[in-house]
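Visitor: Reproduced below are the annotations present in Swiss-Prot:
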- 1-26: topological domain 'Extracellular' (TOPO_DOM)
- 27-47: transmembrane segment (TRANSMEM)
- 48-57: topological domain 'Cytoplasmic' (TOPO_DOM)
- 58-78: transmembrane segment (TRANSMEM)
- 79-97: topological domain 'Extracellular' (TOPO_DOM)
- CYS97-CYS179: disulfide bond (DISULFID)
- 98-118: transmembrane segment (TRANSMEM)
- 119-139: topological domain 'Cytoplasmic' (TOPO_DOM)
- 140-160: transmembrane segment (TRANSMEM)
- 161-197: topological domain 'Extracellular' (TOPO_DOM)
- 198-218: transmembrane segment (TRANSMEM)
- 219-239: topological domain 'Cytoplasmic' (TOPO_DOM)
- 240-260: transmembrane segment (TRANSMEM)
- 261-266: topological domain 'Extracellular' (TOPO_DOM)
- 267-287: transmembrane segment (TRANSMEM)
- 288-312: topological domain 'Cytoplasmic' (TOPO_DOM)
Amino acid sequence: MEVKNCCMVTEFILLGIPHTEGLEMTLFVLFLPFYACTLLGNVSILVAVMSSARLHTPMYFFLGNLSVFDMGFSSVTCPKMLLYLMGLSRLISYKDCVCQLFFFHFLGSIECFLFTVMAYDRFTAICYPLRYTVIMNPRICVALAVGTWLLGCIHSSILTSLTFTLPYCGPNEVDHFFCDIPALLPLACADTSLAQRVSFTNVGLISLVCFLLILLSYTRITISILSIRTTEGRRRAFSTCSAHLIAILCAYGPIITVYLQPTPNPMLGTVVQILMNLVGPMLNPLIYTLRNKEVKTALKTILHRTGHVPES
């Protein structure tokens, strides 16, 4: 397809959430507490994991990584969205748009990889308890964590480079509340079929491989739990995995809805991505703290030390 002979775009206009004209301040008041709770909840988990010696285990090491991810993931899109909901500028520079897309997919793919690693950690702990500390030693844990970040960087670099090597020389109105591939590609003044195919394949392949590995881990875990003779033993083993399973279900629904539909629905995609960017990162701390006695105990200890909660 021939590139149009026009001036190159230097900035984009984010049109925001469709069909919400006149509701900006209402949405701001609604979304701001979600974002604040996301930051507060994940900081709390991170502080609990770092300050409690009992939580210096592989499981909580990866949970701490997930908390860092959740804070970063929300912060990629939410501050700009909240600013224009307040009535400030909807403009975003070309470079900022590139950065927003890169970090959105960088941190988004890390979630898939990290959930896969966390499933493997639970599989090792339940299926090979006597060898757990040997298999999941500190060096392996660090290597797995670094690996998730490196793979996320590679994945995001591919998608970002394919999206922004295309020329943008026509309309600059992004029909979305942040810079993402489905909203940007229609603005390109060149053939986008390669970028569409690669992004669909890349996201689909990563999601499928991670999901299958998680499914394999939890199939083995379920078999092992059912073989435990005592009811209390089965209950304790299941309680360590149930929070992780809930978080996985919350993560994979939006991925399928937004990126893996043959004919995406823009309105549905926007609603789902708001839930993914705001609600998902806020729910993870709640899921893990409400169902985990060790995290709750660590948080209570911190509050006791700071004098916010009296000793019982």
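Each Cβ is built from the backbone N, Cα and C atoms, and glycine gets one as well.
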Visitor: Provide the number of Cβ atoms within 10 Å of the Cβ of CYS97 (disulfide bond), excluding the reference atom itself.
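Guide: Its Cβ has 23 other Cβ atoms within 10 Å.
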Visitor: Please work out whether the transmembrane segment (98-118) lies in contact with the transmembrane segment (198-218), by counting C-beta pairs under 8 angstroms that are 6 or more apart in sequence and asking whether there are at least 3.
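Guide: The answer is yes, given that the two segments have at least 3 Cβ pairs within the 8 Å cut-off.
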Visitor: Near CYS179 (disulfide bond), how many other Cβ atoms are within 10 Å of its Cβ?
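Guide: If we count other Cβ atoms within 10 Å of CYS179 (disulfide bond), we arrive at 25.
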Visitor: What else in the chain is close to the topological domain 'Extracellular' (79-97), if you only count residues 6 or more beyond its ends and a Cβ gap under 8 Å?
Guide: 9-16, 24-25, 27-28, 31-32, 35, 168, 174, 177-179, 184
Visitor: Counting by DSSP, what is the helix, strand and coil composition of the topological domain 'Cytoplasmic' (119-139)?
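Guide: Going through the topological domain 'Cytoplasmic' (119-139) residue by residue, I get 18 helix, 0 strand, 3 coil.
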Visitor: Please work out the mean pLDDT for the residues of the topological domain 'Cytoplasmic' (219-239).
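Guide: Result for the topological domain 'Cytoplasmic' (219-239): average pLDDT 76.
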Visitor: Which residue counts does DSSP give the topological domain 'Extracellular' (79-97) for helix, strand and coil?
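Guide: Residue counts for the topological domain 'Extracellular' (79-97) by secondary structure: 11 helix, 3 strand, 5 coil.
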